[in-house]
Amino acid sequence: MEIDNQTWVREFILLGLSSDWCTQISLFSLFLVTYLMTVLGNCLIVLLIRLDSRLHTPMYFFLTNLSLVDVSYATSVVPQLLAHFLAEHKAIPFQSCAAQLFFSLALGGIEFVLLAVMAYDRHVAVSDRLRYSAIMHGGLCARLAITSWVSGSINSLVQTAITFQLPMCTNKFIDHISCELLAVVRLACVDTSSNEAAIMVSSIVLLMTPFCLVLLSYIRIISTILKIQSREGRKKAFHTCASHLTVVALCYGTTIFTYIQPHSGPSVLQEKLISVFYAIVMPLLNPVIYSLRNKEVKGAWHKLLEKFSGLTSKLGT
């Protein structure tokens with residue numbers, strides 16, 4: 001019975017970013033505004049793509065998936081974080097912690113695979129423009145999107161099951177903003193080298209493999225761009241990929257820094273800041289990046305705003 005009591009913990013205490021009340025209130029206000037802007041921005045991107053027939057292309061189909069992933073990821077972390085800023089007892093039940101870990105891992109994995117798929121899409125658009133529609137047909141796009149969602153979910157299910165089978169003893173204080181993988185593994189009172197090895201393998205399979213595919217796609221894209229004779233043609237081809245390349249650099253960079261070397265990786269504070277960036281900043285940046293650096297999206301925004309202003313003018317008269 002002693003072992004069973006040590007193995008299962010009913011709830012965890014999240015230590016969060018700060019214990020100072022004024023700091024928590026300030027962070028609550030900042031994160032609430034950021035979260036609402038994230039939900040609004042990504043939902044508007046999805047709505048815009050849905051309403052504008054010019055955006056019914058493979059690139060924007062995958063961007064729709066990416067926006068849904070971003071909103072879901074932020075929602076898996078931020079509401080609980082906001083609630084804990086205002087709560088005196090910052091507890092999270094065992095089942096909720098496991099669910100949060102599963103969804104955050106799954107959605108993160110899905111995003112990595114989606115970014116690799118989007119890189120392939122950009123490669124085809126630049127390198128094989130004439131056959132783009134034939135190659136990136138609806139059936140292939142659907143299969144690639146499903147592969148992204150399934151692979152991320154399966155990896156997360158395995159990692160979550162392995163992690164929550166570890167004996168946690170009496171230690172229930174998670175020094176993090178959420179039930180993050182490395183933070184939960186650190187609670188175990190047994191040797192976790194096998195779990196860290198599993199994290200490493202998982203990171204290589206679901207993080208480095210898509211990353212290598214992204215690199216390969218961009219090597220071929222750059223090779224094609226350099227062969228374009230006109231300066232205007234090279235500029236147009238580069239702008240086709242600029243938004244995606246920016247998101248790839250931000251997304252993969254922070255996660256590789258966190259997970260590829262668990263022993264010699266970032267400090268606990270750095271892990272918290274990286275998680276804040278990934279859960280709060282990145283989902284907000286994605287729609288901004290794709291809107292500001294994409295002429296088609298900006299054109300669709302202007303068209304939608306013109307329709308809206310015309311409608312309000314008619315209603316006003």
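Easy rule for this one: first residue shown is 1, then count along the chain.
Cβ atoms are placed via backbone N, Cα and C, with glycine included.
Taken from Swiss-Prot, the feature topological domain 'Extracellular' covers 1-25, 80-100, 159-195, 260-272. The N-linked glycosylation site annotation in Swiss-Prot covers N5 and rests on sequence analysis. Taken from Swiss-Prot, the feature transmembrane segment covers 26-49, 58-79, 101-120, 140-158, 196-219, 237-259, 273-292. Residues or ranges marked as topological domain 'Cytoplasmic' in Swiss-Prot (evidence: sequence analysis): 50-57, 121-139, 220-236, 293-317. If you look up Swiss-Prot, you'll see C97-C189 marked as disulfide bond, on the strength of sequence analysis.
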Sequence-distant neighbours of C97 (disulfide bond) in its chain (C-beta under 8 A, six or more apart):
E11, F12, I174, C179, V184
Using all protein chains in view, find how many other C-beta atoms are within 10 Å of the C-beta of C189 (disulfide bond).
13
Of the listed stretches 26-49, 58-79, 101-120, 273-292, which one has the most C-beta pairs under 8 A with the transmembrane segment (237-259)?
273-292
On average, what pLDDT score does this prediction assign to the topological domain 'Extracellular' (159-195)?
82
Within the topological domain 'Extracellular' (159-195), count helix residues (DSSP H, G, I), strand residues (E, B) and coil residues, in that order.
13 helix, 2 strand, 22 coil
Contact between the transmembrane segment (58-79) and the transmembrane segment (140-158) is defined here as three or more C-beta pairs under 8 Å separated by at least 6 residues; is that satisfied?
yes
Remote residues contacting the transmembrane segment (101-120) - C-beta distance under 8 A, at least 6 residues beyond either end:
59, 62-63, 65-66, 69-70, 72-73, 76-77, 144-145, 147-149, 151-153, 155-157, 159-160, 163-164, 178-181, 184, 206-207, 209-211, 213-214, 217-218, 244, 247-248, 251-252, 255, 278-279
Helix, strand and coil residues within the topological domain 'Cytoplasmic' (121-139) as assigned by DSSP:
16 helix, 0 strand, 3 coil
Just to be sure I understand, if DSSP states are collapsed into helix, strand and coil, how many residues of the topological domain 'Cytoplasmic' (50-57) fall in each?
5 helix, 0 strand, 3 coil
Residue counts in helix (H, G, I), strand (E, B) and coil for the topological domain 'Cytoplasmic' (220-236), per DSSP?
14 helix, 0 strand, 3 coil
Do any residues of this chain, six or more beyond the ends of the topological domain 'Cytoplasmic' (50-57), have a C-beta under 8 angstroms from a C-beta of it, and if so which?
64, 296-297, 299-300, 303-304
Near the topological domain 'Extracellular' (80-100), which same-chain residues lie under 8 Å Cβ to Cβ, leaving out any that are not at least 6 residues past its ends?
8-16, 24-25, 27-28, 31-32, 35, 160, 164, 174, 177-179, 184, 279
Beyond the flanks of the topological domain 'Cytoplasmic' (121-139) by 6 or more, those residues with Cβ under 8 Å of it:
58-59, 62, 217-218, 220-221, 224-225, 237, 240-241, 244
I need to check the long-range neighbours of the topological domain 'Cytoplasmic' (220-236): which residues 6 or more away from its ends have a CB within less than 8 Å of a CB in the stretch?
122-123, 126-127
